[in-house]
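Colleague: First the structure, then my questions, so here it is.
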Amino acid sequence: MAFSLEEAAGRIKDCWDNQEVPALSTCSNANIFRRINAILDDSLDFSKVCTTPINRGIHDQLPDFQDSEETVTSRMLFPTSAQESPRGLPDANGLCLGLQSLSLTGWDRPWSTQDSDSSAQSSTQSVLSMLQNPLGNVLGKAPLSFLSLDPLGSDLDKFPAPSVRGSRLDTRPILDSRSSSPSDSDTSGFSSGSDHLSDLISSLRISPPLPFLSMTGNGPRDPLKMGVGSRMDQEQAALAAVAPSPTSAPKRWPGASVWPSWDLLGAPKDPFSIEREARLHRQAAAVNEATCTWSGQLPPRNYKNPIYSCKVFLGGVPWDITEAGLVNTFRVFGSLSVEWPGKDGKHPRCPPKGNMPKGYVYLVFELEKSVRALLQACSHDPLSPDGLSEYYFKMSSRRMRCKEVQVIPWVLADSNFVWSPSQRLDPSRTVFVGALHGMLNAEALAAILNDLFGGVVYAGIDTDKHKYPIGSGRVTFNNQRSYLKAVTAAFVEIKTTKFTKKVQIDPYLEDSLCLICSSQPGPFFCRDQVCFKYFCRSCWHWRHSMEGLRHHSPLMRNQKN
């Protein structure tokens with residue numbers, strides 16, 4: 001049913017040149033409207049369709065576009081007799097292809113209440129939803145929204161000009177809707193499965209000719225840009241023509257602006273998306289590149305009568321090991337329990353699914369002397385390059401004999417390191433360091449960050465209830481410059497002879513009020529230096545809905561239950 005480009009250009013020329021032929025009958029849309037009316041069982045009233053010839057003066061003012069490329073790529077405007085098309089954009093009635101003359105109830109009062117004539121309005125909604133005209137959506141179920149992603153299915157590709165396909169926007173409805181779902185409009189009026197009806201709709205010319213639009217600007221406009229943007233210009237002009245004043249928008253228009261949701265398009269749909277983003281940021285070291293690298297040997301460790309945590313790490317355990325096997329092997333050193341690795345410490349006493357260990361496990365003894373006894377039974381090399389004593393214990397399982405596993409204890413003195421005891425520790429100059437390696441103690445962490453940024457006065461390793469490290473720490477600087485350098489670095493790669501690990505640096509967070517409203521708690525922190533403050537939920541959404549700030553990632557304190 002689609003027309004060729006040459007035929008479309010010829011029909012446009014006929015519409016302007018022939019004064020004796022009625023507008024509706026000469027345009028290619030006339031037969032289409034009649035066939036649509038036939039499908040509707042002649043429910044549309046064509047008695048008031050205007051047949052007055054078009055004013056000749058308009059044609060004289062238009063440029064000759066018989067051989068113009070703009071003519072070939074344009075679609076016809078349907079003028080009515082009640083108006084002489086102005087030299088600018090067409091008004092709302094002109095854009096509606098003469099539908100006002102089809103006696104469509106409620107056309108002249110799109111903001112009427114819901115208790116208007118429902119039967120006539122249903123007929124109007126059906127036709128207008130087929131045309132996908134922005135004014136049709138005023139009466140439909142998604143007022144003043146742009147075209148949906150696939151309003152006519154695959155038949156959308158049959159439109160002759162690229163401007164229709166180029167103007168498809170994935171936006172939410174601008175204003176409130178009578179329907180709980182925009183998809184409800186797809187089932188009203190006609191069945192979307194009618195191929196014949198789709199062919200009719202795909203053949204409609206619903207945009208004004210490009211030469212007609214070209215006269216609206218102060219200077220010449222690029223035909224290519226006009227081909228893409230003509231649909232947007234048309235919709236904006238139509239909305240401006242029908243939009244009521246701010247004082248006359250009582251029910252369907254909650255705000256004075258015609259486009260109230262443009263400012264809300266960037267807002268997250270889920271109000272709890274901030275928490276999800278904050279949780280994802282905690283694992284950012286796994287997916288981000290390091291901005292700087294430290295390589296070298298860790299400072300030697302010299303202990304005199306060290307005190308150990310009652311919890312030890314076992315690495316490289318046999319894959320078929322069971323909890324009973326672990327208890328039977330290590331209970332000779334004292335009473336103990338087994339903690340299997342679990343997500344965020346959940347169900348730590350339960351083995352993984354399928355009873356398949358991840359290759360490591362934690363042993364928790366009741367007494368610290370049990371750990372000493374275990375280490376004495378291990379083989380170790382005290383002369384390692386980094387000054388670290390590595391402990392290995394031989395154990396067996398049902399299918400593996402004499403497997404050597406690594407035992408990593410934790411000395412309580414390694415949890416804190418103070419470089420300057422007289423220096424006051426300022427939380428506002430403290431950074432949080434995540435994704436630490438298990439062999440990294442506070443002294444080594446302080447030395448690494450002092451080499452990179454300078455000014456370190458304190459370093460601490462975060463521990464659990466058994467005083468065993470949990471993989472994070474804190475470092476305090478004595479000046480703001482070093483602190484900001486560390487925060488800006490964000491990701492640092494640490495290379496030693498024993499391991500290579502990428503750590504993550506963030507500002508250390510405290511309990512604080514929102515620094516915008518100063519009335520609500522501020523659990524969310526923006527680490528970008530444009531913001532760099534605490535926010536409550538409402539102030540976060542308000543601040544970060546602005547252009548250029550939407551990419552900021554939130555931080556939250558990792559509060560354990």
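If you go along the chain as it appears here, the first residue is 1 and each next one adds 1.
Quick reminder: no glycine exception, Cβ is built from N, Cα and C everywhere.
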Colleague: Which of His551, His552 shares the Zn(2+) 2 site with Cys526, Cys531, His544 per Swiss-Prot?
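Modeller: The one candidate that Swiss-Prot places in that Zn(2+) 2 site: His552.
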Colleague: Tell me which residue from Thr124, Thr171, Thr247 Swiss-Prot records as phosphothreonine.
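Modeller: Swiss-Prot annotates phosphothreonine at Thr171; the rest carry no such entry.
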Colleague: Given the recorded Zn(2+) 2 site (Cys526, Cys531, His544, His552), which additional residues of the same chain have their Cβ within 8 Å of the Cβ centre, ordered by sequence?
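Modeller: Here the nearby residues are Asp528, Val530, Phe535, Trp540, Arg543, Leu549, Ser553, Pro554.
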Colleague: At the level of the C-alpha atoms, what whole-angstrom distance separates Cys517 (Zn(2+) 1 binding site) and Ser43 (phosphoserine)?
Modeller: 58
Colleague: Does DSSP put Cys539 (Zn(2+) 1 binding site) in a helix, in a strand, or in coil?
Modeller: helix
Colleague: Could you check which of the recorded positions Trp410, Cys531, His552 is the closest Cα neighbour of Cys514 (Zn(2+) 1 binding site)?
Modeller: Cys531
Colleague: Including all protein chains displayed, how many Cβ atoms other than that of Ser43 (phosphoserine) lie within 10 Å of its Cβ?
Modeller: 13
Colleague: What is the nearest of the recorded positions Ser43, Trp410, Cys536 to His544 (Zn(2+) 2 binding site), using the Cα of each?
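Modeller: Nearest listed residue in space: Cys536.
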Colleague: So which other residues, same chain and not among Cys514, Cys517, Cys536, Cys539, have a Cβ within 8 Å of the centroid of the Cβ atoms at the Zn(2+) 1 site?
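Modeller: Nearby residues not in the site list: Leu513, Leu515, Ile516, Ser518, Ser519, Gln520, Gly522, Tyr534, Phe535, Arg537, Ser538, Trp540.
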Colleague: Measure from the CA atom of Cys539 (Zn(2+) 1 binding site) to the CA atom of Ser43 (phosphoserine) and give the result in Å, rounded to a whole number.
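Modeller: About 53 Å separates the two Cα atoms.
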